[in-house]
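Asker: Structure provided below as structure tokens; questions to follow.
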């Protein structure tokens, strides 16, 4: 028989049982969700995911800095042109004619004159050579990534050939191919293929193994794995290689026209220098700079179109 101990008063009288005691209600203040703009700031509205003025200021700061940098670059370029104009205005040196004279001669030769015939062959050689270098670099890099044993065997040879100055092999190319358009295209390809090739191999080797394992689990074919997994992951590094190849192609386009050529921008510049037509020579240099800048701008536009997702992800990471 069990006995229940009831509460008693001081005289031993049994007291009536009372209801169980309950804890007083505790009011919990609203807490903003993690990652919201108001978390951790006293006085901010609870549970509100909007950023306060300080957060908006931090977000606007990088955009303002980028805009300021763009304006500064434009003003700096304009200041250089003005300084060149003023410094050469009273120049009597035959090697540094006034900029006004150079620009006037540029219009006569390259806009209203017939010197445009030297621009078309240069652009043709560049376009064919750069396209071939890009295709060989990307496809060859993908094959070297896939056949690992072949890559390990020839990688030292690739880097050995890569460090040889391209202009040093120009005499050998002339001896093999002779003087003509084939020689000019070949020197552009041989000089500019290496950045794209090596960047493609390195970019594909840097793909996350987890992504490759996922493709294997999904029974993707090797071709689909390369197209859907490897290439998108390696694309930023491949585009960096293509940009370097672009600059090398422009340089080698001119170099190939300086040797045993009868047309092209490089030939025009060298011929003007040999005729002591220094003003004409400067017009060729300016045209070459404009062409190179326009080609670079076109590439940057294509790069932003292709890598829009990557640039956006980098911008989001920069705001954190």
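Each residue, glycine too, has its Cβ placed from N, Cα and C.
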Asker: Scan 105-124, 185-204, 205-224 against TrEMBL and say which stretch is down as transmembrane segment.
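Answerer: It is 185-204 that TrEMBL describes as transmembrane segment.
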Asker: What stretch, picked from 159-179, 248-270, 282-302, has the most CB pairs under 8 A with the transmembrane segment (127-147)?
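Answerer: Selected stretch: 248-270, with the most Cβ pairs under 8 Å.
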